[in-house]
Amino acid sequence: MILLKLYLTLAAILCQSRGTTSLDLDDLMTTNPEIQNEIINKHNDLRRTVDPPAKNMLKMSWDNIIAESAKRAALRCNQNEHTPVSGRTIGGVVCGENYFMSSNPRTWSFGIQSWFDERNYFKFGFGPTRAGVMVGHYTQVVWYKSYKMGCAINLCPNEPLKYFLVCQYCPGGNVVGRKYEPYAIGEPCAACPNNCDNGLCTNPCEHSNQYINCPDLTKQ
């Protein structure tokens, strides 16, 4: 099995938050089904709004095994390095990873939106529109082939940005050679007319790293 080579996405950093918040760590734990739904719904809502539109964007769903992997990553409190590939390979599939850190607790929707907002500095097919900006979180959030994910949060008291949020995405995005084309441009669901949910495809290829005829498999 040939593993996809991935570029690691850089970590999104939120400096000292303005104002106060009533959130605490327990409010953000991803063992809570309501938090899981918030995370998945936020991703799917954003994936539906990409511009230019995507014809092959898959619908995301929650996966508890991936969430456990994200939890292990969060518990490391290593905000400077992403999890080694061996630590985020699940079922033979290499998964992508996004980090978000903040000094005060923020909602998952806030962190996910911050990743997506990197699109303001991204041009499809070209990449970053200015030097020194991060776009890898955005391209992972909207990577068309990623369809399963899990997230976790940890409190890292020895870090200035102590609230550490981690999401992992399978299969991972930011594949070498096409990371600035995270999806195929076209009318929403044009690639999956019989398997569509409000602009997102619902026919993932679970054999993506094993078979070269995956496009045919997903039509069945």
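Cβ from N, Cα, C; glycine included.
Sequence annotations record features per position, and here Swiss-Prot assigns signal peptide to 1-22.
The domain 'SCP' annotation in Swiss-Prot covers 41-169.
Other Cβ atoms within 10 Å of the Cβ of Cys156 (disulfide bond), summed over all protein chains shown, number 17. DSSP classifies Cys156 (disulfide bond) as coil under the three-state reduction. Per Swiss-Prot, disulfide bond is recorded for Cys77-Cys156 (among others).
For the recorded site, Cys95 (disulfide bond), the DSSP three-state label reads coil. Annotation comment: Swiss-Prot describes Cys95-Cys170 (among others) as disulfide bond, evidence class sequence analysis.
Within 10 Å of the C-beta of Cys151 (disulfide bond) there are 28 other C-beta atoms, taking all protein chains into account. What Swiss-Prot records for Cys151-Cys167 (among others) is disulfide bond, and it gives sequence analysis as the kind of evidence.
If you look up Swiss-Prot, you'll see Cys189-Cys196 (among others) marked as disulfide bond. The DSSP secondary structure for Cys196 (disulfide bond) is strand. Taking all protein chains in view, 16 other C-beta atoms sit within 10 angstroms of the C-beta of Cys196 (disulfide bond).
The Cβ of Cys192 (disulfide bond) has 21 neighbouring Cβ atoms from other residues within 10 Å, across all protein chains displayed. Annotated disulfide bond per Swiss-Prot: Cys192-Cys201 (among others), in sequence order, evidence recorded as sequence analysis.
Annotation source Swiss-Prot lists domain 'ShKT' at 205-220.
Looking only at the disulfide-bonded residues Cys95, Cys170, Cys189, Cys196, Cys201, the one with its C-alpha closest to Cys156 (disulfide bond) is Cys95. Note: the CA-CA distance between Cys170 (disulfide bond) and Cys151 (disulfide bond) rounds to 12 Å. Each residue of the domain 'SCP' (41-169) gets a DSSP state, and the totals for helix, strand and coil are 44 helix, 34 strand, 51 coil. Counting Cβ atoms from all protein chains shown, Cys167 (disulfide bond) has 29 others lying within 10 Å of its own Cβ. Cβ packing within 10 Å was compared across the disulfide-bonded residues Cys170, Cys189, Cys201, and the lowest neighbour count falls to Cys189.
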